[in-house]
């Protein structure tokens, strides 16, 4: 679809959350279509996880975004989908790939939303494709479990925080889940949640550096539990790490099903977003160093530094491999 002015962020490009929402919609369509391709109980595919996705280049207002999705692996109860986003300047005909993402879905029964159905298998061109997919499946399954186990932090307000501290830029957004946010099953669309998470992360980044900011990448997004229509969700974000030119922001979503008194508030989604600071003409700017005050903040900073160095090393290895080819 064509990108309109209401899709723009403050920098004038398409909002990163809008792109994430479009990616998830494409994944949900192809997964639901595949899971209902054989006779059996009707179902809707629910988003369980989004692997790391990089924003390779910005999408501009007036350009056409083309989102394509392909199923690349199926396990007994999950579907792996690869999604590519390409932007097209319809005045010049120029095209470029702007995003690549890997998403995992599980099919939930329309009759019983807590029942996960079996996924029809796909045919692989080569045995290696199935083996590689199975390896990716096991890795993401383990990472989801580890992430859920370490999720328990809560963001508390800080009185009169100093600039460039964690407390100074941390932000929260409260949202009542309505019918337009939900799937046929009455649970929140993953794309809606990701867009809200990106908005909160963007506020944190802008508060920290006081400049235009854009989403550079999103680390794995884990959907731990479903969020039901009528719930109140709190999307919280805080700065965890800064390099010279980037900021890592931890974002998590807590759901409060206040219409269901038997259920307490719970952690539903978590992820790390990376932002960069831009000048008015779109050039990268140095990022103010994050000032850590508590032991927890220092620990999170070192963990973020480890993720940053790991990603940097992986990117350099890919560039060297591409140069050799």
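Each Cβ is built from the backbone N, Cα and C atoms, and glycine gets one as well.
Going by TrEMBL, these are the annotated features:
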| type | residues | note |
| --- | --- | --- |
| ACT_SITE | 9 | active site |
| ACT_SITE | 198 | active site |
| COMPBIAS | 296-306 | compositional bias 'Basic and acidic residues' |
| COMPBIAS | 316-325 | compositional bias 'Low complexity' |
| DOMAIN | 1-111 | domain 'HotDog ACOT-type' |
| DOMAIN | 167-281 | domain 'HotDog ACOT-type' |
| REGION | 293-325 | region 'Disordered' |
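Each residue of the compositional bias 'Low complexity' (316-325) gets a DSSP state, and the totals for helix, strand and coil are 9 helix, 0 strand, 1 coil. Cβ crowding, taken as the number of other Cβ atoms within 10 Å, peaks at 198 among the active-site residues 9, 198. Non-local neighbours of the compositional bias 'Basic and acidic residues' (296-306) in the same chain are 153, 166, 240-241, 248, 250, 272, 290; each lies 6+ residues outside the stretch with a CB under 8 Å from one of its CB atoms. Summed and averaged per residue, pLDDT over the domain 'HotDog ACOT-type' (167-281) gives 93.
Across the domain 'HotDog ACOT-type' (167-281), DSSP helix (H, G, I), strand (E, B) and coil residues number 26 helix, 54 strand, 35 coil. The residues of the compositional bias 'Basic and acidic residues' (296-306), classed with DSSP into helix (H, G, I), strand (E, B) and coil, number 11 helix, 0 strand, 0 coil.
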